[in-house]
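Enquirer: Pulled these from Swiss-Prot:
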type	residues	note
CARBOHYD	N7	N-linked glycosylation site
CARBOHYD	N20	N-linked glycosylation site
CARBOHYD	N23	N-linked glycosylation site
TOPO_DOM	1-47	topological domain 'Extracellular'
TOPO_DOM	69-81	topological domain 'Cytoplasmic'
TOPO_DOM	103-125	topological domain 'Extracellular'
TOPO_DOM	146-161	topological domain 'Cytoplasmic'
TOPO_DOM	183-204	topological domain 'Extracellular'
TOPO_DOM	226-255	topological domain 'Cytoplasmic'
TOPO_DOM	277-295	topological domain 'Extracellular'
TOPO_DOM	317-362	topological domain 'Cytoplasmic'
TRANSMEM	48-68	transmembrane segment
TRANSMEM	82-102	transmembrane segment
TRANSMEM	126-145	transmembrane segment
TRANSMEM	162-182	transmembrane segment
TRANSMEM	205-225	transmembrane segment
TRANSMEM	256-276	transmembrane segment
TRANSMEM	296-316	transmembrane segment
Amino acid sequence: MQNIFENCSYHSKYEPYFLNCTNTTNQCVLIQDVGIIQAIDFWANLCIPFTLFVIAFILNGYYLSILIPEFRKMNDTTKKQYIFVVSRGISSLSASSIMMVLRLLKMLSTSFTVYFLFFLIDDLSFYSLLGSYVGSTLLLYLATVRPIFYSIQISVRIVYKFALVNVLLAVVLAVTTAIFQAAEVSDGFFHCDVQHCQPIINIAMFVIIATSFLIPIITLTFVLVTLCFQKSRTQSIGNFTVDNSVYKSARTRLAWTLFTFTLISLTEMIPSSFLVNLRVEDTITICVNFYQADHLFIPAIMNSFQTLAWGIALIVDPLCALLFDPRIRKVWVEHVSRLSIIIGRSFEACCHSNLNKEIQDK
């Protein structure tokens with residue numbers, strides 16, 4: 001059989017996959033496009049996201065190492081404000097760790113069961129994270145706008161129950177979406193073909209993703225606007241009993257949270273809406289997709305952009321908590337002070353040791 005790429009000035013390691021794709025005269029350009037797409041997938045969907053998820057894992061781990069001991073010291077009134085915050089931190093930590101592992105699984109041939117379990121944990125982390133955002137936002141709203149109702153009617157037990165409901169709903173959604181996602185990348189108890197099954201899955205995933213993100217965004221926007229109006233109202237009626245620092249801290253945290261959520265939602269819904277209208281015949285190793293390789297740049301970029309944004313969002317969330325939560329900020333500032341003292345003493349001891357050695361040599 002004649003090699004269709006033998007006269008090309010550019011040669012790729014992917015040529016053996018497409019030797020039978022003879023129904024084109026533009027094979028030299030198309031094989032270059034395949035190489036570019038694979039490079040985009042390697043760097044923007046594997047290497048860079050893996051680095052971001054490692055950073056997110058370290059930040060969330062450090063944040064939880066501060067938050068959990070502080071949470072244990074809190075009284076019941078303060079704990080009500082931090083139950084969903086702890087849940088959010090745990091979800092972010094597990095999400096970043098699972099996303100790291102999934103990047104590595106893409107390099108291996110894995111069974112449906114393994115993919116399902118990892119997608120299940122991954123989706124469970126993200127859906128519980130979304131619910132934690134909603135829960136913590138509503139509690140923040142009640143604590144600042146309706147403090148009497150919050151202190152009398154909302155007990156720690158009620159907040160724990162809402163947190164449990166959030167986890168149960170996340171489990172139901174995660175099982176559903178994990179089955180769909182695993183069926184796309186590996187054959188399981190049912191086969192998802194690209195002509196009939198995948199379009200339905202794309203639509204279902206788009207509806208689930210859009211609903212999951214719109215609810216937190218609407219909640220965050222409502223509470224943020226309400227807090228701004230509440231501040232103006234208290235100032236206009238001359239109510240100086242309300243601590244303005246409370247409103248300022250709440251608005252700052254909500255603004256950063258809303259920014260993070262908007263970033264996540266856009267990077268989830270835009271690619272998902274694009275995939276709903278995209279018809280893919282089969283995997284990229286099939287001739288049909290080889291012939292349209294020059295049209296696959298946008299799907300590759302969309303998929304990579306989605307992953308990168310999740311990595312950034314998982315970094316922004318604990319970083320905002322470390323910077324804007326006074327209780328957490330106080331602890332890590334003490335850690336930095338102690339570390340600087342230890343480094344200073346170590347440097348001083350090293351200098352003295354070198355100086356004594358020079359004196360002895362003389």
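Keep in mind that glycine also has a Cβ here, set from the backbone N, Cα and C atoms.
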Enquirer: If contact means at least 3 Cβ pairs within less than 8 Å, sequence distance 6 or more, would you call the transmembrane segment (205-225) and the transmembrane segment (162-182) in contact?
Expert: yes
Enquirer: What is the separation, in Å, between the Cα atoms of N7 (N-linked glycosylation site) and N20 (N-linked glycosylation site)?
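Expert: The Cα atom of N7 (N-linked glycosylation site) is 16 Å away from the Cα atom of N20 (N-linked glycosylation site).
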Enquirer: Could you tell me whether the transmembrane segment (126-145) and the transmembrane segment (162-182) have 3+ CB pairs under 8 A, leaving out pairs under 6 positions apart?
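Expert: Counting Cβ pairs under 8 Å, at least 3, so yes.
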Enquirer: N20 (N-linked glycosylation site) has how many other Cβ neighbours within 10 Å of its own Cβ?
Expert: 10
Enquirer: Sort out for me which stretch, of 48-68, 82-102, 126-145, has the most Cβ pairs below 8 angstroms to the transmembrane segment (296-316).
Expert: 48-68
Enquirer: Compile a sequence-ordered list of residues in the same chain as N23 (N-linked glycosylation site), six or more apart from it, whose Cβ lies below 8 A from its Cβ; state 'none' when nothing qualifies.
Expert: C287, Y291
Enquirer: Could you tell me what the rest of the chain brings near the topological domain 'Cytoplasmic' (69-81), counting residues at least six beyond its ends with Cβ under 8 Å?
Expert: 136, 139-140, 143, 150-151, 154-156, 159, 327-328, 331
Enquirer: In the predicted model, what is the mean pLDDT computed over the topological domain 'Extracellular' (1-47)?
Expert: 85
Enquirer: What is the number of other Cβ atoms found within 10 Å of the Cβ of N7 (N-linked glycosylation site)?
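Expert: A 10 Å sphere around the Cβ of N7 (N-linked glycosylation site) contains 8 other Cβ atoms.
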Enquirer: Report, as numbers and ranges, every residue of the chain located at least six residues beyond the topological domain 'Cytoplasmic' (146-161) whose Cβ falls under 8 Å of a Cβ in that stretch; write 'none' if there are none.
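Expert: Same-chain residues near the topological domain 'Cytoplasmic' (146-161) but 6 or more away: 76-77, 79-80, 83-84, 135, 139.
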Enquirer: Where does N20 (N-linked glycosylation site) sit in the DSSP three-state scheme?
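Expert: Going by the DSSP assignment, N20 (N-linked glycosylation site) belongs to neither helix nor strand, so it counts as coil.
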